[in-house]
Ligand code: GAF
């Protein structure tokens, strides 16, 4: 990728770029908790986005996307990021950096990557983090990683319309090889936990569907959580988010919340506990318990939080009953994308065949299998 990107950069712009890399992410457990300042347990993967960048001495930015095989040019002093175009991610980060006082001059950029599109590995967060890292490096801004993460999150809110939490850009920026990040989304700090899976491997299965309601449903779930907090606050003085409520209070919470809201609040409250239990299980090498927690997370996301879909439920459910699979659950925002599975390495071929056959028979779609290894976070090359 690096030599291909460098060559393409030279052929378009006749100069040699500075290259930044930012990885995609998986999430072991802790779904739809980040925007309630809860706990998540993601990790960076080896697949990611590479951005080549160089100053051009002009007032324009010229970008070429290898994936789309398209060019895009904008005026650095007058541009407006619009939803729905890949170049919006570049303009979004550039706009936010400019607003924060960073004086960006004209640049040329080539973007390439190897994250399967729509797989749920969070290619958009990786792209924004790679762009932030590249611009910071080129102009020697020395932007702290945490700020790049916050700009990437804000760009997604403002220019993609998804009110996402901090997990995806955080994992992309701070990932560490072989380690998952036990991330506290209130303090935005993390602890690195080594991921030793022994004779097991992580395997993603891509449903290859993305249901169209995904973005609006995501925002609605977030609003539902905020609404629950407003209703609960008089009886739980001082709570800021659902993260502040413990499982021992679930009975009380059930009495206070309307029927539609309680299961969603319950998901967030119980999922935060599962994250800690999963981190503990992983640290003590108890992969069975770890796997059971993944299954419980899926059940909660599907039944209580209602962010799964028939394709994800099918994949998780058939995987969970295989005796060489310790755990399986939907990963990410939901309504499509991937499941994450903990599969005995010697049975990967068997897993592939069993899951493919069942999924093809039921949905007439051949699922993709994406092996993942935990890699390091964003950096300049
Ligand atoms: C998406 C969002 F971008 C994350 O912030 C997180 O909320 C996740 O869905 C669900 O856990 O990936």
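Residue 1 is the first one shown; counting continues down the chain.
Positions of Cβ are set from backbone N, Cα and C atoms, glycine also.
Note that TrEMBL annotation is computational and uncurated.
The feature domain 'Galactokinase N-terminal' is assigned by TrEMBL to 9-54. Applying DSSP to the domain 'Galactokinase N-terminal' (9-54) sorts its residues as follows: 8 helix, 25 strand, 13 coil.
The substrate binding site annotation in TrEMBL covers 31, 32, 33, 34, 218. Sequence-distant contacts (6 or more apart, same chain, Cβ under 8 Å) of residue 34 (substrate binding site) comprise 40, 164, 165, 166, 167, 183, 185.
Here TrEMBL flags 65, 118, 119, 120, 121, 122, 123, 124 as ATP binding site. Residue 122 (ATP binding site): 30 other CB atoms within 10 A of its CB, across all protein chains.
Residues in the domain 'GHMP kinase N-terminal' (89-175) partition by DSSP class (helix H, G, I; strand E, B; coil) as 51 helix, 7 strand, 29 coil. The feature domain 'GHMP kinase N-terminal' is assigned by TrEMBL to 89-175.
Marked as Mg(2+) binding site by TrEMBL: 124, 156.
Under 8 Å, Cβ to Cβ, and six or more positions away along its own chain, residue 168 (active site, proton acceptor) finds 25, 42, 122, 124, 125. The feature active site, proton acceptor is assigned by TrEMBL to 168.
The annotation domain 'GHMP kinase C-terminal' is assigned in TrEMBL to 278-353. Across the domain 'GHMP kinase C-terminal' (278-353), the DSSP tally of helix, strand and coil residues reads 44 helix, 15 strand, 17 coil.
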Binding-site residues listed as 33, 65, 123, least Cβ neighbours within 10 Å: 65
What whole-number Å value do you get for the CA-CA distance of residue 218 (substrate binding site) and residue 119 (ATP binding site)? 17
Using C-alpha positions only, work out which of the binding-site residues 31, 33, 156 is nearest to residue 65 (ATP binding site). 156
Give the number of CB atoms, excluding that of residue 124 (ATP binding site) itself, located within 10 Å of its CB. 23
Distance, residue 118 (ATP binding site) to residue 33 (substrate binding site) (CA atoms, angstrom): 21
Do you know which of the recorded positions 31, 34, 123, 168 end up with C-beta under 6 Å from ligand 1? 31, 34, 168
